[in-house]
Amino acid sequence: MNGNQKLDAYNQEKQNFIQHFSQIVKVLTEKELGHPEIGDAIARLKEVLEYNALGGKYNRGLTVVQAFQELVEPKKQDAESLQRALTVGWCVELLQAFFLVSDDIMDSSLTRRGQICWYQKPGIGLDAINDALLLEASIYRLLKFYCREQPYYLNLLELFLQSSYQTEIGQTLDLMTAPQGHVDLGRYTEKRYKSIVKYKTAFYSFYLPIAAAMYMAGIDGEKEHANALKILMEMGEFFQVQDDYLDLFGDPSVTGKVGTDIQDNKCSWLVVQCLLRASPQQRQILEENYGQKDPEKVARVKALYEALDLQSAFFKYEEDSYNRLKSLIEQCSAPLPPSIFMELANKIYKRRK
């Protein structure tokens, strides 16, 4: 398959995935929309789903489907099993939506995926907390509806619950490392940064979609999952460093969001690298300006990052990390096809959104 054919196939898969969303909404809402007691709440759920689950890149959800198609022999890929793979892919997207709606409130974010954050919409506000919980609850309703009779049902339930817990522990580390209104640069170490990323991003963004497909394909051995986890945790760190870079140096018209890591006092890759390179005077500039909403102070921090040439440091990191990933995939992917991991790595390498 040449580059254009691959792109066409990917776009077709993406279209199929997006089309399945209407089925997801139907299963979650259709029966109860006219319910005399909870009809209004179900209409709200439908609105929450349609606003918050759509509009992303769908990488996590599509990864489930693509990995399932690679791991399951073609004769076992009937219409029903593909429906289940699409649904589990959407469960990963709903988990992502649950995290993003919550995260945007905690970070006082303004935009997400090129539109105003859900909680910022008139009449929504902190009711969005309950909406986020509805998104999470929808995952388990879908898994029960589509997968209850499957041998992997319990493994999927445990995987989603574990993914939520890991991510929430990561978010706790993130919030504790950077409490609002209190800047302590001593907390921003590489060790703490790696811990936050491992728990907050890598597990649900990379291991969850691949592990879900593995369970659906009947691959449930500890060794296979441990090897996949090793590769995917490394990939998750690579992805988060990119995210931190794009938060400040990305183009909001491409990324779909306006970054706030400096204002939010975040333990981001950029601030960790800045501290490793800064002179005492430069550290003082960071002390005086980091973690504050004033646009002039934010601009001073950005100027400091530019003076330390953190953009070049990022490009070097991206190259080194990609090469490290390739060797790790060669060493650890068996018995899974290396292509599963390489396709994922190539999808995020040099991404700009």
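We count from 1, first residue shown onward.
Glycine residues also receive a Cβ, built from the backbone N, Cα and C atoms like all the rest.
Reduced to three states, the DSSP call for ARG60 (isopentenyl diphosphate binding site) is helix. Summarising the annotation, Swiss-Prot assigns isopentenyl diphosphate binding site to LYS57, ARG60, GLN96, ARG113.
Under the heading Mg(2+) 2 binding site, Swiss-Prot lists ASP103, ASP107, citing similarity to another entry as support. Of all Cβ atoms in the shown protein chains, 17 besides its own fall within 10 Å of the Cβ of ASP107 (Mg(2+) 2 binding site).
Swiss-Prot lists ASP103, ASP107 with the feature Mg(2+) 1 binding site. When secondary structure is read from DSSP and collapsed to three states, ASP107 (Mg(2+) 2 binding site) falls in the coil class.
DSSP assigns ARG112 (dimethylallyl diphosphate binding site) to a strand segment in the three-state reduction. For ARG112 (dimethylallyl diphosphate binding site), the same-chain residues that are 6 or more apart in sequence and have a Cβ closer than 8 Å to its Cβ are LEU100, ASP104, TRP118, GLY256, LYS257. Under the heading dimethylallyl diphosphate binding site, Swiss-Prot lists ARG112, LYS200, THR201, GLN240, LYS257, LYS266.
Counting only same-chain residues at least 6 apart in sequence, those with a Cβ under 8 Å from the Cβ of LYS57 (isopentenyl diphosphate binding site) are LYS353. As annotated by Swiss-Prot, N6-(2-hydroxyisobutyryl)lysine applies to LYS57, with the evidence given as similarity to another entry.
According to Swiss-Prot, the feature N6-acetyllysine maps to LYS57.
Residues or ranges marked as site 'Important for determining product chain length' by Swiss-Prot: PHE98 (among others). In the three-state DSSP classification, PHE98 (site 'Important for determining product chain length') falls within a helix. Long-range neighbours of PHE98 (site 'Important for determining product chain length') (same chain, six or more residues apart, CB within less than 8 Å of its CB): ALA132, LEU133, LEU135, GLU136, ILE139.
The site 'Important for determining product chain length' annotation in Swiss-Prot covers PHE99 (among others). Around PHE99 (site 'Important for determining product chain length'), the same-chain residues six or more apart in sequence whose CB sits under 8 Å from its CB are THR167, GLN171, TYR204, listed in sequence order.
Among the binding-site residues ARG60, ARG113, LYS257, LYS266, the residue whose Cβ has the fewest other Cβ atoms within 10 Å is ARG113. Take the mean position of the Cβ atoms of LYS57, ARG60, GLN96, ARG113, the recorded isopentenyl diphosphate site; other residues of that chain with a Cβ within 8 Å of it are GLY56, TYR58, ASN59, GLY61, GLU93, LEU100.
For the dimethylallyl diphosphate site, whose annotated binding residues are ARG112, LYS200, THR201, GLN240, LYS257, LYS266, the maximal Cα to Cα separation is 19 Å. Between the CA atoms of GLN240 (dimethylallyl diphosphate binding site) and ARG60 (isopentenyl diphosphate binding site) there is a gap of 14 Å, rounded to the nearest whole number. Note on proximity: among ARG60, GLN96, ARG113, THR201, LYS266, the binding-site residues of the record, the Cα nearest ASP107 (Mg(2+) 2 binding site) is that of LYS266.
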